[in-house]
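According to TrEMBL, the protein has these features:
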| type | residues | note |
| --- | --- | --- |
| TRANSMEM | 6-27 | transmembrane segment |
| TRANSMEM | 47-66 | transmembrane segment |
| TRANSMEM | 72-96 | transmembrane segment |
| TRANSMEM | 103-128 | transmembrane segment |
| TRANSMEM | 148-169 | transmembrane segment |
| TRANSMEM | 237-257 | transmembrane segment |
| TRANSMEM | 307-329 | transmembrane segment |
| TRANSMEM | 341-365 | transmembrane segment |
| TRANSMEM | 377-397 | transmembrane segment |
Amino acid sequence: MDIFRLFIISLMPVLKVLLVIIAGLILATQRFDLLGCDARRHLNNMVFYVFYPALIGCSLADTMTLEGLADLWFLPVNVLITCVIGSILGWILVIVTKPPRHLWGLVISCTSAANLGNMLLIILPALCEEKNNPFGGVASTCSANGKAYASLSLAIQIIYIWSVLYFLLRMYANNEVKETNSNNSIIVAANGCTRDVLHDPVGLPQIHNDGNQKVSTTVKFKQLFMKIMRSESLRKIFAPATIAAIVGFLIGIATPIRKTFIGDNAPLHVIYSATELIGNAGIPSITLIVGANLLKGLSGSGVGPSVIIGILIIRNIFLPISGIGVIKAAKRLSLVDEDSFYLFTLLIQYALPPATNIGTISQMLGSGESEFSMIMLWNYIVAILTLTFWIAFYMWLVI
């Protein structure tokens with residue numbers, strides 16, 4: 001594969017994301033006003049409750065089998081390693097640059113979680129479908145493997161984002177909200193936007209005893225258990241995307257259930273097809289929201305140049321270099337196979353821009369939307385060059 005074709009392959013997914021971000025920005029302007037504050041909030045809820053769970057569940061159900069899961073066990077471990085390394089570097093960055101405290105969670109999240117969704121789903125099949133496929137084998141088989149790698153990576157990171165980074169971002173968010181009735185769906189945020197109370201986990205309720213009645217230990221434990229089970233904090237850990245990932249795994253690894261839903265001749269294939277169609281709306285919806293939030297960021301944001309430069313250095317230099325060390329160590333310890341395409345996938349996870357899901361959480365919390373959009377804009381501009389370089393270098397390294 002010549003260097004020009006390699007440049008075009010790696011350039012296309014980045015340009016696609018940039019074009020969708022620009023479209024979101026245009027739709028949020030006063031001239032069109034199609035992605036205003038309320039529209040973004042409703043679209044975020046659709047992504048959170050409908051689009052992303054459908055995307056995750058269908059991708060895993062279609063590509064995961066029990067044998068494949070056993071062969072790919074290091075891939076989810078590698079995703080978590082990238083998150084840990086990125087988090088450590090992010091903590092160092094906030095200590096050095098000292099951004100506003102309510103942005104600490106955003107900075108750490110941007111260095112921790114990479115865009116393992118649309119970037120991998122576009123880059124990996126594109127490489128496989130090249131005429132001079134550098135990884136060898138049949139293009140269709142290579143593309144199927146790439147989809148499996150991307151789906152599993154995305155599922156693991158979705159769980160990490162909604163069970164770890166959500167709480168980190170919420171902890172540092174500076175908005176003060178007033179909780180309404182637990183059955184109500186609307187809350188007013190400090191920035192004037194409304195948002196969903198279901199996205200604001202509350203602390204665990206306390207068991208009260210006025211002292212006039214003796215409550216047995218068993219009753220106290222039962223009350224505590226029931227209140228914990230009803231708490232929003234626990235419900236957020238088991239977010240819709242997490243539940244969808246579990247269901248997708250079960251369908252994929254259970255052969256009788258898999259044959260019921262997956263395949264053109266499956267009796268319930270229409271259910272899978274309809275769900276997959278819904279899930280395809282997830283990635284463009286999130287990217288449009290990022291672009292719409294950029295409108296506010298262009299008028300000024302609380303993140304300084306030093307923070308943006310620090311994130312760019314971490315995501316485009318430190319993390320890709322650390323990935324080489326991790327994968328070389330894994331190979332030396334015989335933790336991964338010698339398959340070049342699999343090794344390339346493990347390496348490229350370290351070189352991608354920040355995850356767009358962080359913008360979804362920022363929108364929900366009403367904090368850091370414009371700052372995240374500015375960070376994303378600069379990351380994708382720089383990624384036009386850096387991602388091209390790392391794709392070429394990683395291919396040279398594994399082939």
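Using N, Cα and C of the backbone, Cβ positions are placed for all residues, glycine too.
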(message) Using Cβ atoms and a strict cutoff of less than 8 Å, what residues sit near the transmembrane segment (341-365) while being 6 or more residues removed from its termini?
(response) 40-41, 44, 47-48, 52, 72, 74-75, 78-79, 82, 106, 109-111, 113-120, 123-124, 127-128, 135, 137, 142, 145-146, 149-150, 153, 157-158, 161-162, 165-166, 169-170, 173, 175, 189, 195-196, 199-200, 283, 286-287, 289-290, 293, 311, 315-316, 319-320, 322-324, 326-327, 330-331, 371-373, 375-376, 379-380, 383, 386-387, 390-391, 394-395, 397-398
(message) Does the transmembrane segment (377-397) come close to the transmembrane segment (6-27), meaning at least 3 CB pairs under 8 Å for residues 6 or more apart?
(response) yes
(message) If you count every Cβ pair below 8 Å, which range out of 47-66, 103-128, 377-397 shares the most with the transmembrane segment (237-257)?
(response) 47-66
(request) Go through the chain and flag residues at least 6 beyond the ends of the transmembrane segment (47-66) whose CB is under 8 A from any CB in it; none is fine as an answer. (result) 144, 147-148, 150-152, 154-155, 158, 199, 239-241, 243-245, 247-249, 251-253, 258, 261-262, 272, 275-276, 278-283, 285-286, 289, 357, 360, 364
